[in-house]
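These notes are about the structure you will find just below.
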Amino acid sequence: MGPPSACPHRECIPWQGLLLTASLLTFWNAPTTAWLFIASAPFEVAEGENVHLSVVYLPENLYSYGWYKGKTVEPNQLIAAYVIDTHVRTPGPAYSGRETISPSGDLHFQNVTLEDTGYYNLQVTYRNSQIEQASHHLRVYESVAQPSIQASSTTVTEKGSVVLTCHTNNTGTSFQWIFNNQRLQVTKRMKLSWFNHVLTIDPIRQEDAGEYQCEVSNPVSSNRSDPLKLTVKSDDNTLGILIGVLVGSLLVAALVCFLLLRKTGRASDQSDFREQQPPASTPGHGPSDSSIS
């Protein structure tokens, strides 16, 4: 007796062939999903602006479509639905009164808030009752408020260190440091924290004195802090050493001059004394006795 899966008649089609045929029919009847795409205008949205979620390449033979808020399509997350043939718009539980759904499938928001950040799903229903979905993540940014700078000290002695911290109440921002109204050129003596909101200078030099600002920004706005003036004092020890070296050099130079002058004076006195002495008589050269008459 043959296996149960064997086909006793020549007209019988193997189950693998039926499965392949069903897969091909399903692929043939299913609407294409490659062109259903949602675009946001503007792409980066600031709090209080209007935003338009448009459907790119909307398929044909549609019966209706609906917009949902959230990662999944749930009845309680329906914003609004639209039936194409009857032009009937039906608001859902997630409708806030600021959304408008158009006959072309677009969703228009007015005066968006931070709470509008999240996923939005478009579900389209074809006339053959098949369903297709597309998702888009909307990010709403808040306008950046003015930050502030806190310094470990505003007057620092040369060769010391200072820590500058930028404070902001906004989240999702980037930090940039400004020195004398220009972007700070970070040197080997400077260290930035992971998010750049803390600047450490060690050791500090006279060239680091000036006005510092921090700038915070997000994709839709930016703001700078008030200037903070940093004063760098000279190192007293270094100044004392320099003064000591200078005074010592002057004393050594004065001593050398004194010794030279003294040596020169002694040589001059000896020369004058020699010139004032009478010449000494030579022995045996006195007056001869024979000359006396």
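In case you wondered, yes, glycine gets a Cβ from its N, Cα and C as well.
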Of the residues CYS12, CYS166, which one does Swiss-Prot pair with CYS214 through a disulfide?
CYS166
Swiss-Prot tags one of ASN111, ASN223 as N-linked glycosylation site; which one?
ASN111
Cα distance (Å, whole number) from ASN111 (N-linked glycosylation site) to CYS166 (disulfide bond):
31
So, by DSSP, how many helix, strand and coil residues make up the domain 'Ig-like C2-type' (147-231)?
3 helix, 45 strand, 37 coil
Fewest neighbouring Cβ atoms within 10 Å: which of the recorded positions ASN111, CYS166, CYS214?
ASN111
